[in-house]
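Data block below; observations after.
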């Protein structure tokens, strides 16, 4: 009886200890502040966002009426293909001829069968709801890696965009399908799965051509990371995907397929434009206006070319340093883990830390400090307070969040796409998904204040939710784009300028050191010469 009572008391004591420890660690103001403001908590916030989005999308599907726009036309185009037609000129729907590459046909043909020849629209909505959740996870995974944007911004932008939820689960456009494959490819690229990343990127292009807006940045990313030979190999992979998917059409009616699916000269209808409503229809449809936009597009790509290469080069260097440091950190953590299992946990863990520090050179230790501080500055965060060595070892393993250098890879991709959006001949409402998920990242990559960043995001959301678009909404949208673009130009140029100054300072120090060595050498040579005389 006494033994049972003692065991119960011990169990009760352990439970109370666990509850007290949980309360102290998580139920406090500091932890709440960490969840709201610190990008390091993005992985935790991701779970919260996805759970709420699951409920929100089910509510939208069940309570908000579905609006037919393109789904029926998609099904009609797929029906023609499934009946054996491979001539793109003959594949049409209620909204006009088919204008998307072959990947679109295969995916929507699958949806045609799954949804009972397109009749079960409610099922299609739930499928697009799952696509939305999967894409949100992929997007938030990149944000979690980069630790660039505060979590509260991600929460607000995710839950407040009616237009984005509408595009996915109320309109069933093909744009979300293309963007899904794009974010799959970006995740694969930052994880260095080049072959599969190239396949997914090309699959995105095969659904809708807007994915090519990322192509300039991707081409430079290939070259900086892989070199010319492997870049050519990856381009062959992308081309092979396009040829394989388009084979039934290329082998039968190649001209019709190329003209229909990759028509770069297509003129959009003025009544659907979101960004150029303020222009007269004659100007909007003018080929000179289109050529002017193309010229601006190429100039902006040129302006960002050098900063893009610098970002990618630094990204590659940090990834190489990761391969050098990580084995040492793993070795340290293994020693700490072993020391924790021993009786003298505290004293032994201190000793292990001191011993492991000796394995890192001064240059390596300096790099760790510089790396963490510089990326904290880019995130707009204050440096965390120093934790006592013993407490740190007791709480967690030694680690450097090298994935934070993902910032250097993502920004050029998002800028390349954003330039295409700014210079687009026409933006329709479903095109909002092309750059919506990158807007918080772009805004937090500018030098503007918190209020200005939030205002820009709010105004852009307002413009896309104004239906039909007006002269006022289209002008405001352009102004927001220009302000955001100028902020990006300023920041990347400033970063490039600071990088050049640091390189010059290093070169000057190296020259000074070399000159000093030469002077010392000549001095000793003269001294030796005098002695010999």
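Each position is counted from 1, following the chain as shown.
Including glycine, each Cβ sits where the backbone N, Cα and C put it.
In TrEMBL, annotation is done automatically, which means it is predicted and not curated.
The structure displayed is predicted, hence computed values, not measured ones.
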Listed range which TrEMBL flags as transmembrane segment, given the options 126-143, 270-287: 126-143
Per TrEMBL, the range holding transmembrane segment, considering 288-305, 306-323: 288-305
Annotated range (TrEMBL: transmembrane segment) out of 61-82, 149-170: 149-170
Listed range which TrEMBL flags as transmembrane segment, given the options 235-255, 340-360: 235-255
Of 13-29, 98-114, the range TrEMBL labels transmembrane segment: 98-114
Range annotated as transmembrane segment - as stated in TrEMBL, picked from 177-195, 367-385: 177-195
Criterion met for the transmembrane segment (288-305) and the transmembrane segment (408-427) (at least three Cβ pairs under 8 Å): yes
Long-range neighbours of the transmembrane segment (207-228), counting only residues six or more past its ends (CB under 8 A): 100-101, 103-104, 107, 174-175, 177-179, 181-182, 189, 194, 201, 234-235, 262, 301, 305, 308-309, 312-313, 315-316, 409, 412-413, 415-417, 419-421, 431, 434
Tertiary contacts of the transmembrane segment (126-143) (same chain, 6+ residues out, Cβ under 8 Å): 39, 42, 45-46, 49-50, 53-54, 57-58, 61, 111, 114-115, 149, 154, 158, 165, 168-169, 172, 176-177, 179-180, 183-184, 186-187, 190, 406, 410, 437, 440-441
